[in-house]
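Asks: Pulled these features from TrEMBL for this protein:
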- HIS77, HIS149, HIS151, MET222: Cu(2+) binding site (BINDING)
- CYS133-CYS242: disulfide bond (DISULFID)
- CYS202-CYS223: disulfide bond (DISULFID)
- 9-83: domain 'Copper type II ascorbate-dependent monooxygenase N-terminal' (DOMAIN)
- 108-253: domain 'Copper type II ascorbate-dependent monooxygenase C-terminal' (DOMAIN)
Amino acid sequence: MPTLVPGYHERDTPRIVWDCGEMANSKTEYVRAPTCASGSEIIYAWAMDAPALVLPEGVGFKVGGDTGVNYLVLQVHYANVDKFLNGAFDNSGIILKLLPQNTQKVNKRAGVLLLGTGGMVPNKSIEHMETACMIDEPLELHPFAFRTHTHKLGKVVSGFRITPDGRWTLVGRHNPLKPQMFYPVKDKEFVIRENDVMAARCTMDNFLDHIVRIGSTGDDEMCNFYMMYYVDGDRILEKKYCFSPGPPFYYWQSDPIIPNDGFVPKAIDIEASRLSEDEL
């Protein structure tokens, strides 16, 4: 049961509870409306019985005021609703720790960059769903956590930082069918700078007899890599999403922003799709 907390500049409906239309069927007692009207950004996501997230010392998300986040929306996706049909209730939610604007306990601002793809996975095949975007803002990002997300076909999800001279550094890699928490990054010292490229791959194994496309329902697939980072200062990325059309229209090797004409070293190609023993 995935739970997401997006922040929004402007919400689409004044109602407290509504049907966001992403995973529900057409029969609903709630008004259907988009999740937001403008200014969307992911703040937190959780699924698969993962433990809670604890931010590093001095790091926090800013909301309200002039941050552009005027509303927090709790979005819950249920894989099965049978128990509710029998009269059961649910208390799903997120517990937040809030501090005033003038607090001295937070001096680093947190943000989330979400990498994902469109596309499809042919039946009875293994497919790489890939995306990449250049960091084109004059910031230094310090990654401290990552989260992976697919539906049932995902085997491995990995994210990398690529420098302009073609050096690849693993940000994080995990089995997306394990608890979907924000895990600590492998290397807490490296920094992502302007003109670096962020790249992600989902390795999918479609064991079914039909094509599976990217979509929002449980019968579709998703390919998401979330990178949580902090900056020293108050400015985070304006570009908060990095999406590609996905297969069969997009692969790393066809993207000119990948250094050296889309060259992917063989060792990186293997590393992106193979879990280590502690990740199995």
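The backbone N, Cα and C atoms fix where each Cβ goes, and this holds for glycine too.
Quantities reported herein were computed from a predicted structural model and do not represent experimental measurements.
So that I understand the layout, could you describe where these features sit and how close they are to other parts?
Replies: HIS149 (Cu(2+) binding site) falls within a strand segment according to DSSP.
For the recorded site, CYS133 (disulfide bond), the DSSP three-state label reads strand.
Secondary structure at CYS223 (disulfide bond), as computed by DSSP, is strand. Around the Cβ of CYS223 (disulfide bond), the number of neighbouring Cβ atoms within 10 Å comes to 33.
Confidence across the domain 'Copper type II ascorbate-dependent monooxygenase C-terminal' (108-253), taken as the mean pLDDT and rounded to a whole number, stands at 96.
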Asks: So how many other Cβ atoms are close to CYS133 (disulfide bond), meaning within 10 Å of its Cβ?
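Replies: Total other Cβ atoms inside 10 Å, all chains included: 18.
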Asks: Tell me, how many other CB atoms lie within 10 A of the CB of MET222 (Cu(2+) binding site), whichever protein chain they belong to?
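Replies: MET222 (Cu(2+) binding site): 19 neighbouring Cβ atoms within 10 Å.
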Asks: In the domain 'Copper type II ascorbate-dependent monooxygenase C-terminal' (108-253), how many residues does DSSP put in helix, strand and coil?
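Replies: Counts, helix then strand then coil: 2 helix, 81 strand, 63 coil.
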Asks: Can you tell which of CYS202, CYS242 has the least company, meaning the fewest other C-beta atoms within 10 angstroms of its C-beta, among these disulfide-bonded residues?
Replies: CYS242
Asks: 10 Å Cβ neighbour count around HIS77 (Cu(2+) binding site)?
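Replies: There are 16 such Cβ atoms around HIS77 (Cu(2+) binding site).
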